[in-house]
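What follows is one structure encoded as structure tokens, with my remarks underneath.
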Amino acid sequence: MNAPDSGSDAPWDSWRSHDAVQQPDYPDSSAVREVAAKLRRQPPLVFAGEVDDLREWLGAAGRGEAFVLTGGDCAETFAESTADHLRLKIQTLLQMAVVLTYGASMPVVKIGRIAGQYAKPRSKDTETRGGVTLPSYRGDAVNSFEFTAEARTPDPHRLLDTYHHAAATLNLIRAFTKGGYADLRLVHHWNRGFTANPAYARYESLAEEIHRAVKFMEAAGADFDSLREVDLYSSHEALLLEYESAMTRIDSRTGRAYDTSGHFLWVGERTRDLDGAHVELLRRIRNPIGVKLGPTTTPEQMLGLVKRLNPDGQEGRLTFITRMGADRIRDCLPALLEAAKADGRPVTWMTDPMHGNTITSSSGYKTRRFETIMDEVKGFFEAHDDAGTVPGGIHVELTGDDVTEIVGGSEELDEASLASRYETLVDPRLNHQQSLELAFQVAEHLKRSGE
Ligand code: TRP
Ligand code: MN
């Protein structure tokens with residue numbers, strides 16, 4: 001890998017002549033250039049070979065030979081990138097993955113919204129409180145949440161902090177997932193703790209089946225390296241163009257450009273404009289990429305994205321992550337699936353059942369209902385069933401902590417409980433229990449449809 005001295009002559013810098021929305025308004029542009037130059041000299045965070053492996057896996061998910069689990073915070077924060085928080089999040093993902101692997105009888109591709117998910121698009125550039133107007137919080141990669149002029153002014157040095165937090169997080173992930181901690185039998189043991197809770201009695205029979213399968217494997221002496229290790233890939237929204245382009249490197253083996261800030265990168269519903277800078281940057285990199293599609297997406301827009309981002313129809317290259325809302329997915333998704341089918345170029349389809357289902361509680365909290373989230377997942381499976389296409393995976397916002405941000409679930413978290421541990425700075429996340437419950441329900445569905 002080597003990097004050019006200045007980004008401006010790199011082919012992936014073509015985004016600079018396109019319209020770039022949702023970028024911070026930095027007061028000092030020479031400081032931005034200095035930071036970008038420093039970033040270009042840093043070692044890559046992820047490696048081309050890993051990125052290629054993930055692309056292959058996503059291709060398999062597109063064909064129905066694997067199932068993808070993507071999960072993590074809406075917005076990671078520097079303050080919460082501690083060993084404890086990260087461990088609980090990784091544990092939660094692994095626990096979900098065990099259940100899904102059993103349910104799907106397929107490999108589960110594990111991707112975290114982790115080690116880079118520090119930047120957020122916002123609907124308004126400013127926020128007003130008590131007559132004072134300041135720039136909106138755009139994630140720790142840009143500014144600080146605290147409501148003061150100093151904290152809210154975008155600071156490019158935070159891009160270097162972002163790099164270092166991502167590096168430390170990836171280091172921990174590699175240690176956890178390769179150091180015995182991700183052992184299937186250990187993770188299964190944690191799940192036993194979850195299903196012992198009477199609130200989750202309805203999952204007992206599935207849990208018992210998994211238990212017997214693990215016992216059988218042990219009795220038969222099955223013991224191989226792949227039981228002890230997992231590949232956990234990193235992903236985030238490719239929002240901050242200066243950061244993403246400064247982290248892009250030419251791979252010495254293939255001569256191709258890889259964005260080495262994360263394995264999988266996506267653009268959001270707000271930044272997916274065909275002629276915009278974000279799509280232009282993603283077009284130039286080799287990573288597997290995703291695009292979030294909301295309920296107003298037309299088949300023409302979707303096909304435009306296929307043409308622009310995956311002209312050669314490479315498997316695993318392009319994932320559409322639909323976020324339609326539970327009440328709209330059954331109406332909006334079928335036309336997209338039919339159009340993609342007619343086009344013929346492969347697409348991997350995932351559901352994000354979170355972002356189309358955000359509501360405000362009577363007590364004023366931004367929340368989501370567990371049952372509504374599950375309904376969108378169900379609508380996603382139904383639409384694929386009808387169209388004869390492949391539901392490739394799920395993409396959810398979660399944390400390993402016992403927060404109270406989403407109402408519902410078997411523990412019947414109600415609106416009054418939201419106040420007790422509402423910690424997110426942006427969107428509400430499934431807590432540890434709710435995440436496992438979602439995994440059990442999706443696994444039950446996958447199991448039924450595989451029988
Ligand atoms: N390596 C396999 C996999 O990733 C099996 C495995 C080991 C596993 N530890 C795990 C699966 C933890 C899920 C969770 O699928
Ligand atoms: Mn979010």
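Here the Cβ of each residue, glycine as well, is placed from N, Cα and C on the backbone.
Among the features that TrEMBL reports, Mn(2+) binding site is placed at Cys74, His355, Glu397, Asp427. Residues or ranges marked as phosphoenolpyruvate binding site by TrEMBL: Arg113, Glu269, Arg270, Lys292, Arg323. If you look up TrEMBL, you'll see 1-29 marked as region 'Disordered'.
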Minimum Cα separation from His355 (Mn(2+) binding site), reported as the residue among binding-site residues Arg113, Arg270, Arg323 that achieves it: Arg323
Around the Cβ of Glu397 (Mn(2+) binding site), the count of other Cβ atoms that are within 10 Å: 27
Listed binding-site residues (Arg113, Arg270, Lys292, Arg323), ranked by Cβ neighbours within 10 Å, top entry: Arg113
Arg113 (phosphoenolpyruvate binding site) and Cys74 (Mn(2+) binding site), Cα-Cα, nearest whole angstrom: 8
Listed binding-site residues with Cβ under 6 Å from ligand 2, out of Cys74, Lys292, Arg323, Asp427: Cys74, Asp427
Shell of the Mn(2+) site beyond Cys74, His355, Glu397, Asp427, same chain only (C-beta within 8 angstroms of their C-beta centre): Met354, Thr358, Val426, Pro428, Arg429
Cβ neighbour count within 10 Å of Cys74 (Mn(2+) binding site): 20
Candidate binding-site residues Arg113, Glu269, Arg270, Lys292, Arg323, pick with smallest Cα gap to Glu397 (Mn(2+) binding site): Arg113
Pairwise Cα distance maximum in Å, phosphoenolpyruvate-binding residues per record: Arg113, Glu269, Arg270, Lys292, Arg323: 18
